[in-house]
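Okay, so here's the structure we're looking at.
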Amino acid sequence: MKIVYAEDSTLEELSELLIKPPFDQVILGEGAKSHIKKVFGSELTASQVVDKIIHDVRLQGDEAVLQYTQVIDGVNLSEDTLEVTESEFQEALAKVDEQILTAIRQAISNVKSFHTEQLPKTWLTYREHGAMLGQSCIPLERVGMYVPGGTAIYPSSVIMNAVSAAVAGVKEIIMVVPPSKDGSVNPSILAAARESGVTRVFKAGGAQAIAALAFGTKLIPKVDKITGPGNIFVTLAKKAVYGHCDIDMLAGPSEILIVADETADPSYIAADMLSQAEHDVLASSILITDSSNLVSKVEIELERQLAKLPRREIAKASLQKNGLMIITKNSMQAIELANISAPEHLEIITEQPFALLPFVKNAGAVFLGPYSPEPLGDYLAGPNHVLPTGGTARFYSVLNVETFMKRTSFIAYSQKALQAVANQVITLAEAEGLQAHANAIRVREKNDV
Ligand SMILES: NC(=O)c1ccc[n+]([C@@H]2O[C@H](COP(=O)([O-])OP(=O)(O)OC[C@H]3O[C@@H](n4cnc5c(N)ncnc54)[C@H](O)[C@@H]3O)[C@@H](O)[C@H]2O)c1
Ligand SMILES: N[C@H](CO)Cc1c[nH]c[nH+]1
Ligand SMILES: [Zn+2]
């Protein structure tokens, strides 16, 4: 864990600590590196691995998907077992714990009502001289959603992706998820899929699943857009297939940045930092505060809480690699540094968090006050937990209903309305040297062109 005093560093030095390297330059952990060496026989970068997998899936379809599922994930599947069947769904539903099912249903209900409020309007209005202008908002036909499942299971990500797509009106929701070692899919994942309106589920993860959705295979349908979070391989694959289909954003390894002052409880801060660190060795947890006293207490709390976590090896590696605490002169400077980082999740735990909110420019989601811990948003509050990472919150938005929709505009002029603007359209068309454009107006004024 790095600890830095802002006053001892230049803004450039602080920015270097806060701005993540581009996804294709991320240095992999030792585990991933040795896995790659074993599978591919040489030391490839994550981008090289992803490019090779995409190339092979594009050429060989399901055969390559099955092959990579075997060599990377260690799961043996066949064309007959790649898709989850109705009987697998039924078996899973019978197995799911009643309490989990109730929580899944509550989460779906909260996510649904929040996203319903986001639905954009289709409208048509009259203007001068009888012109009509408007727009329609049309759902995408078929989307592919990635649900992570390498080192943990994510029924919550099923809900976040599928419910927002269903609210938008998407007809076909194709889900991919890495299978368990025995070739099954976790029952809570399948229960969440069934309850959220997923159409079909395929047992594939990583870059091979993304490539299959982007290009289509004999069994996995090609989709218009791929959404959902994932590790570095999934994120690089989404970036690589963009253009063959659309993607939602780059939602990679999780991040939390907490701005806090001396009023914050160090045990809350440490717990929230660890909540994201336990996702992935590449996850990042940052505290920026004007209280050096808080930093010392958080350090102790981190040690204490880390020791009790089942996923402590992942969390520890993440804190070692990407953990950071910065001591600033005040909370405003802390927010300025947070804007440079553009984190996926920003928590503000200060005496007056709402006073700082207007100054937040770059963050996927903001959690205000001591009783809005980030995991509340991961599961149940209602807003989406699929969020941009790696500094891309500078330009990407949280997953939302419009992610699954297209806008089309309408223009309907009467003869009188066209006459009123004809000269100006002709002037602009001729200024661009586009005579045929001007003629399309003139021909409606007179009969000769
Ligand atoms: N930003 C968000 O909105 C958000 C939300 C939830 C989760 N997440 C992130 O999702 C990620 C989940 O990661 P995960 O690993 O548990 O599941 P994952 O499904 O994203 O990745 C697992 C897949 O990656 C591929 N893979 C793993 N190691 C590989 C290697 N060495 N070479 C090639 N391919 C390899 C495998 O095919 C495997 O199926 C975490 O980084 C977590 O922080 C992000
Ligand atoms: N924090 C993750 C987004 O970075 C979402 C998640 C799902 N389950 C637990 N957490
Ligand atoms: Zn989380």
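Note that Cβ sites are derived from N, Cα and C of the backbone, with glycine treated the same way.
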Write down the one residue from His129, His345 that TrEMBL lists together with Ser254, Gln276, His279, Asp378, Glu432, His437 as binding substrate.
His345
From the Cα of Tyr146 (NAD(+) binding site) across to the Cα of His345 (substrate binding site), what is the distance in angstrom?
20
Can you figure out which of Ser254, Glu432, His437 (the binding-site residues) comes closest in space to Gln208 (NAD(+) binding site), comparing Cα atoms?
Ser254
Give the number of CB atoms, excluding that of Gln208 (NAD(+) binding site) itself, located within 10 Å of its CB.
28
Spatial neighbours of Glu344 (active site, proton acceptor) among the binding-site residues Tyr146, Asn231, His279, Asp378, Glu432, defined as Cα within 10 A: which are they?
none
Ser254, Gln276, His279, Asp378, His437 screened against Tyr146 (NAD(+) binding site), Cα within 10 Å - retained binding-site residues:
none
